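Working notes, beginning with the structure itself.
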Amino acid sequence: MSEQQGCTEVNYSRSLMFHGLGKEYFRLCIVNLLLIIVTLGVFAPWAFVRSKQYLYSHTELSGSRFSYNVTGGSIFVSWVFVGVFLLSLYMSIYHHASALFWCLVALIVLFLPWLMMRSIRYQMQSTMLNNVRFNFKCSGLKAWWVVLGCPVLLFSAVYFICIIVMSIGFCAISFNVQNMMIVIAMSMMFAVFGVGIAQGITSALWLRLFFSRLSFGKQNFSAEISIRKCIKIILSGIVVLLPFLIAVAGLNFSWLVKVVSTSLSGYVGAPYTLSEFESISSMIRISYYLYFFGAVLCWSYIYVTLRDYYFNSVVLSEKIAFRSTLTVTGFIIQLVINSLLTVCTLGLGYPWARVRYCRYLANNTWLDGDLDALDLQDHDDKIATDILSRISCGIVPNISL
């Protein structure tokens, strides 16, 4: 347990409980799907809200259930605006309207992070437990730095460093196709770990931002999130993926070298016979399977380990601590079973898979301390109704923790 949690008053522990049933959620999904089809997609925001309301209302903490009070109309207005904006962006590209395109890009750069924070605030203020609402407050400048400024700088730095490393590598070796491919592979490996470091930093900054500005009623959350720990988790996940990347590279290295050599020599004929093409096709298929399997393991490890870490770092009012008891093995088993349940039933089993997943997350989310001992009062902030707030409501419709 972290030092921050050591100061909490741990009287007893309890986990969330999820009471949803697959058959109930199935009926809800069928009705939502039919209404979406009949209304040509217009009902989609209301369907989204109805689904979340069901999941929230069947999630319990100490005898009290959550409520989700977002309206479909607010999401609809926001999604219409986003659709019109994206259509305008596409049309500016299609018609080569450079001035309009750069104006729209400037609007994204300047206002998207701020609108995202407004959207998160709306989602939090519309979520309630024991008649006490959550809240989220964040300044526009801080949001801009965490959401856009810092990530762009970090990933740009990784890109330029990789270009420099590749250039140095090409200058240091004798020019032949095999050496060239080795330099490219090493540069890509450097890029993967560089992206991992950048992702670890941005994840830590985002978690700090979210929990330091989140509150439940008038009680504030806090969390000591270490950038070094987040980087370590992301890089460990990449190490899990690394053997699969090496295997994929080994499978495809020889024929890629031959293709590049043939292209550089100016030869216009087919470099392989029909049987060789069939062999290469098989290797490509195997490579896809290997990469997909490795990516699932990597993502599962990062999600579970990072969730366990930041949940164990979060404290409410310095008295209530949180724990996540997910395991990588258990999470992968859930992922495999739910995927098979959905795929093998051509999507009809999705409601049962969703309910199983929600129950699994709830059973592994714990609260340490007496929540009833806190002076829980609802905050006085009202949901904003100005036009920019209405536009932002559906930009971040789902916050997954």
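Cβ atoms are placed via backbone N, Cα and C, with glycine included.
Because the structure is a prediction, the values reported are computed rather than measured.
The transmembrane segment annotation in TrEMBL covers 25-49 (among others). Distant neighbours of the transmembrane segment (25-49): 68, 70-73, 75-76, 79, 348, 350-352, 354-355, 394, 397; these residues of the same chain sit at least 6 beyond its ends, with a Cβ under 8 Å from one of its Cβ atoms.
The feature transmembrane segment is assigned by TrEMBL to 70-93 (among others). Residues 42-50, 52, 100-101, 104-105, 119, 122-123, 126, 390-395, 397 of the same chain sit 6 or more residues outside the transmembrane segment (70-93) yet have a Cβ under 8 Å from a Cβ within it.
With a cut-off of 8 Å between Cβ atoms, the residues of this chain six or more beyond the transmembrane segment (99-117) that come close are 85, 88-89, 92-93, 136, 138, 140, 143-144, 146-148, 388, 391-392, 395-396. The transmembrane segment annotation in TrEMBL covers 99-117 (among others).
Packing against the transmembrane segment (143-175) from elsewhere in the chain are residues 109-110, 112-114, 116-117, 182-184, 186-188, 190-191, 194-195, 197-198, 201-202, 205-206, 209: each is 6 or more residues past its ends and has a CB under 8 Å from a CB in it. Here TrEMBL flags 143-175 (among others) as transmembrane segment.
Proximity of distant same-chain residues to the transmembrane segment (181-209), defined by a Cβ-Cβ separation under 8 Å and at least 6 residues beyond the stretch ends, is recorded for 138, 142-143, 146-147, 150-151, 154-155, 157-159, 161-162, 165-166, 169-170, 173, 223, 225-227, 229-235, 237-238, 245, 249, 253, 256-257, 260, 306, 310. Under the heading transmembrane segment, TrEMBL lists 181-209 (among others).
Listed as Cβ neighbours of the transmembrane segment (230-249) (distance under 8 Å, sequence separation of 6 or more from its ends, same chain) are residues 185, 189, 192-193, 196-197, 199-201, 203-204, 207, 287, 290-291, 293-295, 297-299, 301-302, 305-306, 309. Annotation comment: TrEMBL describes 230-249 (among others) as transmembrane segment.
Look at TrEMBL and you will find 286-306 (among others) tagged as transmembrane segment.
Here TrEMBL flags 326-350 (among others) as transmembrane segment.
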Checklist entry - Same chain, outside the transmembrane segment (286-306) by at least 6, Cβ under 8 Å from its Cβ: which residues? => result 203, 230, 233-234, 236-238, 240-241, 243-245, 247-248, 251-252, 326-328, 331-332, 335
Item to check | Beyond the flanks of the transmembrane segment (326-350) by at least 6 residues, Cβ under 8 Å | outcome: 26, 29, 296-297, 300-301, 303-305, 307-308, 356-357, 360-361, 364
